[in-house]
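Student: Before we start, here is the structure in question, set down as structure tokens.
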Amino acid sequence: MQLLDKAAPFLRSSPGFRSPSYGAVALGSANAPATSEGSNDTGEGSSDGDRNGRGAAQPKGSTSLPRKPVSGGPLPRGSEELASSTVVGGIEGRYGVTDSSLTSDVLADTKNIDSDDDEDDDALLLVHPLGLLWDLTLKRRDDPPEEFIDGNLTAGAEPSTPSAEGHPVLMSTPRSSLGRLRLWLAQGRWNEKEHACVYVSSNVSFGFAFATDVIVEQTQFYKQEAPIVYQLLLTLSTQILGYAFAGLTRRFLVRPSGMIWPSTLMSAAMFTTLHKEENKPAGGWRISRWKFFYIVWAVAFLFYFLPGLLMPCLSYFNVITWFAPKNVVVANLFGVSSGLGLFPVTFDWAQIAYIGSPLLTPFWAAMNVVGGLVLVMWIIAPIAYYSNWLYSSYMPILSAAVFDNTGKVYDVSKILTKDFVFDKEAYRNYSRVFLPITYVLSYGVQFAGLAALLTHTVCWHGHDIWTQWTRSWKEAKDDNKATYQPLADESEEYSDAGLHENARRDRRSKSKNSGIDSLMNREDVHNRLMKRYDDAPITWYLLTFVTMLLVGIFVVEYYPVHLPWYGLLLALGICTVLFIPIGIIMAVTNQHSSIYLICQLVCGAVFPGRPVANMVFVTYGYISSSQGIKFAADLKLGHYMKIPPRTLFWVQMVATIVSSLTQIGVLNWMFANVPGICTSEAINGFTCPLARVHFNGSILWGVVGPSEFFGPNATYRPLVWCFLLGGIAPIPLYFYSRNKKSSIVRKINLPVLFGSLSWIPPATGLNFSVWAVVCYLFNYLIKNKAQAWWAKYTMTLSAALDSGLAFGIVVVFFGIIYPGWMSGFSWWGTEVYKQGCDWQACSYNTVPNGTHFGPDKW
């Protein structure tokens, strides 16, 4: 045992595989020592041997009685019925909560047990080669022979599950490195935890690094050199800082059961579909979720060839504009490229799920998004546009570009010096910067949404956040920590008094923890089950943060980005203040409140005339936040799937490093091999549209600066009032509805209502309207009328559509478009949607030659 303790911590097997252990409770005796000498500093009273299947250690003085079987079998750890709600006997008053998840979404797509029978492997797929590497590096001559048991590398341990007896991979003879690799590959059945771990690793890799956009803007738009070392350090530091933020806020965003993270439920449903064999009928449907998944996946994959290749008009289905292609008003209202999308029809799942899968968003949250869309984009925007407010009718009603006073796209090169610094005299000789009306309103609602985010969080969650801070401080000083413990004795659990006490605790928990104003004080079965594993120490995350902070300081000080080190600290300070409020909104509503704009605004005010500094500031402020939120969602998925925190730490960290290095390599390969990249002449659509949106932002806030937009007598000065509006608006809603549990006003979430519209541009009204229609069909109609079907198939449907689409995009592009096989292919279905003002982005008013619009005085 002592030798095993010296092994890498992520090689340890899971505890109590064949024991009745369940839940995490404070020890009955505060200072009772553990009976095993293998106890660790977390207060877990079990040795490594206990963790490998010999049961959890009992406090001194306790008596373990035989447990009463249920229906002739072993006592289940927790109820698997969807509507079940049981309280674990022996849970202290502070943990008096139900042993089922608190929402139907979580109940339908996660399991509230950590089963003994599925041979779950804690040293997951990516960790295995890492563990072998550690073993080969740190191997000592006096180490005992090691064996693979249940997929785990162990030393002198007995098999912990019946399937391990006589397992073909159990070898005691010495093996070469190649032999050990073959041994590892010959392990038992692929399980949910391994699958989830690989998914988390892939999820980190698939998300693009925003730093690559900064590099694109520097090299392609500003024509600035970016050394490869600079690219690597910038990318690694911005990606990994987000992980540090996620790890340091686990108590607030991951562990509370009120933090649902709807986006993770699709993944959990997919793993259940692929690994769970039971198939209960749902609404008359007897097809298994696995069969349902691959049928939908195949259909989604094959169907994408129509809108994605053969007939793109099915994707950009602006059918009303086909009958009046030159009518500007029709294009403004019903267009899908530069219009408001008042005709919400498309046959492309990529368009429907552009802002996220509608099947993952709660219906009440989607209604907030639709409310904002209707009020701001479908009512205010047309009125303001056709009345020429802020000269908007001389530009398209919706566009990601910014314009000069002649209605043409703004040429930023005319207002920059050779050192990429703002030339104010050249700016005055050229033109002010003008924004399309939807761009203006998007900025306004983002200002309001940011202020509303802070006020809403303080009103509804301020007490919870304070409680969690004080609890974490007390537990840091208190040795009596919650630990993984078995269920209470039979005599206590099955006696009448015990049953009545459980019922009282259940009622007390439900009454105490109901409502949106106590989301952080709830604990459920998932949280307690995770306490069986050694937690990833907070020092790991602190060390990660400090290391990447030093790397970031080196980047901004050594390379010519014109951002001082204290500017980097300011960017991370903004992220620190807003990270928890943003995480709460995302965890509850599946809507991300972006701080992209506020970072641009602050940097533009503090460091005016420095566009590259503005981009780097945004990268460290905004991306640390958005990446952290993404990593926190993966931590929650690991929470649902019962992946050991230390294993998950290494999975995410290694995947982040590898993906960052890979993206930099691919980016530089594309620079060298794609002709005309990031220009309108680029082949196969490599025009870098998202990077150009960010480039436009750097013009507005980094080059021109906020003072030219919001200063005295500036064109867009009225938008400043949106901060005040957003800060005040949540207060009356809170006081009106805080004591009215059934009031519909409690469903109004202003950060979601305002913040979701930050997708516009580049998203259009179509992306929002059709998304809302699909969400209504599934998460309201079907959920209420066929709940069993919805619980069984909805998340699986979302996973199948997303994965089928993703595979279809890869095959169509790399298999057909990129090799040039479709070069010159053209017919009615590929051209009809381009023949009109919607695709050409016509403006309502035109500027006569030789004239301009806008004020003449500066």
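Sequential numbering from 1, following the chain as shown.
Cβ atoms here come from the backbone N, Cα and C positions, even for glycine.
All annotation found in TrEMBL is predicted automatically rather than curated by experts.
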Student: When TrEMBL marks a stretch as region 'Disordered', which of 97-121, 147-171, 172-196 is it?
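Tutor: The range carrying the region 'Disordered' annotation in TrEMBL is 147-171.
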Student: If you check TrEMBL, which stretch out of 197-218, 329-350 is marked transmembrane segment?
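Tutor: Matching range for transmembrane segment: 329-350.
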Student: Please determine whether the transmembrane segment (433-454) and the transmembrane segment (794-818) are in contact (criterion: at least three Cβ-Cβ distances under 8 Å, sequence separation 6 or more).
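Tutor: Output no: the transmembrane segment (433-454) is apart from the transmembrane segment (794-818).
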Student: Counting only pairs at least 6 apart in sequence, do the transmembrane segment (565-588) and the transmembrane segment (538-559) share 3+ Cβ pairs under 8 Å?
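Tutor: Taking Cβ pairs at least 6 residues apart, the transmembrane segment (538-559) and the transmembrane segment (565-588) are in contact, with 3 or more under 8 Å.
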Student: Report yes or no: does the transmembrane segment (766-782) come within contact of the transmembrane segment (362-386), defined as 3 or more CB pairs under 8 Å with a sequence separation of 6 or more?
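Tutor: By the criterion, they touch.
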Student: Quickly jot the same-chain residues contacting the transmembrane segment (228-246) by Cβ under 8 Å, restricted to those at least six beyond its ends, or write none.
Tutor: 209-212, 214-215, 253-254, 541-542, 544-545, 548-549, 551-552, 554-555, 559, 572, 575-576, 579, 616, 619-620, 623-632, 635, 652-653, 656-657, 659-661, 663-664, 667-668
Student: Suppose I define contact as three or more CB-CB distances under 8 A, residues 6 or more apart in sequence; do the transmembrane segment (329-350) and the transmembrane segment (794-818) meet it?
Tutor: yes
Student: To the transmembrane segment (794-818), which of 252-271, 292-317, 362-386, 718-737 is linked by the most Cβ pairs under 8 Å?
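Tutor: Per the Cβ count, the answer is 292-317.
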